[in-house]
Amino acid sequence: SGESGAGKTESTKLLLQHIMNLCKGNSQLEQQILQVNPLLEAFGNAQTVMNDNSSRFGKYIQLRFQKNAVKGAKLSEYLLEKSRVVQQDTGERNFHIFYYMFAGLSSEKKEMYGLLDPSLYRYISGRFGTEDVAQHWKHKYQEVCNALDMVGFQEQEQVDMQAILAGVLSLGNVTFEPQENSVSVKVSEASRGWLKAAAVDLLRLLLVCSVLSSSWNSLMSHCHSLSPCSDARDSIAKVAYGRVFGWIVSKINELLAENVDPEVELREIGILDIFGFENFAVNRFEQLCINLANEQLQHFFNHHIFQLEQAAYREEELPWETIKFNNNEPILDLLLAKPLGLLSLLDEQSAFPQATDKTFVDKLNSSFKGNLHFQPGRGRVLGFSIIHYAGNVQYTAGGFLEKNRDTLPANVRGLFINSVTPLLSVLFAGKSLSFSGASHINQGSPWQHSLMVLMERMYSANPHFVRCIKPNSQKEPGVVDSQVVLQQLRYNGLLETIRIRRDGFSWRPSFEEFAER
């Protein structure tokens, strides 16, 4: 754990290399486990103001052993930041893979995918790098292609995948305009070429007209205004990208699955590399989800290092002066309590069609009045602040309900299942990847569930904590800013940890272990 840019992903890679080296097997499987990283980083990482290679998803790697040899591995991913596909703030970029494609694809391949000059695409904001950066991206693209081959992606699957990514970029350039002499909306004349490039022929109808079935089963056409059309376009882009990422992870898991007798009991080492605590100039729904995960990890650390350890000393009746620590349970209650925690209120508001981000904020202000860890928004921007274990974060509430609902027009799924691109059919028809029957996918709740499962897994294990400390806020190598470091040591509870390590008993063998030794 550690804040964004502290070195969690790099430490994870070093730890994996170290474990593989200790196995001394140098088997093909061990090499494959190390080689999936470039693939995950290309599709799941991006440049942010805090980190040039920031993980925009959380991953849990389970390594399974038999007699000190790796027999298999499994990867679980959490909360990919899909909104990055359609919007990035100043100084930030989209996922790496889009830039790698522009730098690495030949002119013929670009023509095949309908890719034009990168400066034309709204989803990558026309931002492209210097010649040096482009050369680096070209090299990275080759790494990705090698990793795709190694993981076992067929050539046609790789073509389809890149066609979908190119289609996502083209889709971002589709705009809408009012129809003359009508209240309805159409795809603008200027962006029809982009719609064609997106290679989804029926999309024009679906974006502009969603067909609603009334209670007596007659069909009526309900035309959108401009704003819902743009939202639907962005939702399709986000979901398509999210499906591609999920598919890559499932293919990796097929490759790395253990091939042993199911009767044989395997030992396991799990490594959790999760997005770090974030506090940007503008903090949105994604930052709240990320910071909640970090709150839960901090609570787990406190529970293990302070509560369990000191309880053991009291039980053994050792002379012990209790070490106080900064308990963040009240913040978790504020966020997770049912039925009146922040996320419960968000789900409740998301269920009301008439609710808005403002009604949600009003509800928070009335529910958490007087709560020491909550502050109402100040100024004109609709929002609120939460005083996290790592500091005060001001959240902008705009888009909270829409992102929690994660709306996709219901009939778009059928369109994708019947797509001429085979991969799209697979991604949207597969059982494990399918939507719930409704057209609303609630991003908050499934992710809360997956986080709960993850924490249960953590609590059942014997944990070792790797605390990553960021040396400075300028992304500079070899520079240690002592104030930045001290602030992290304080909020992480590491000063209290040093005390419990100094005064306590860091190695606590069982009687049997002691006697044998």
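Glycine too: its Cβ is placed from the backbone N, Cα and C atoms.
Please treat TrEMBL annotations as automatic predictions, because they have not gone through curation.
Check TrEMBL against the ranges 198-220, 244-266, 267-289, 451-473 and you find region 'Actin-binding' recorded for 451-473. The ATP site is set by GLY2, GLU3, SER4, GLY5, ALA6, GLY7, LYS8, THR9; from the centre of their CB atoms, other residues of the chain with a CB within 8 Å are ASN51, GLY276, CYS468, LYS470. Across the region 'Actin-binding' (451-473), DSSP classifies residues as 9 helix, 0 strand, 14 coil. Set side by side, the binding-site residues GLY2, GLY5, GLY7 differ in how many other CB atoms lie within 10 angstroms of their CB, and the most is found at GLY5. Taken together, the residues in the region 'Actin-binding' (451-473) have a mean pLDDT of 89 on the 0 to 100 scale.
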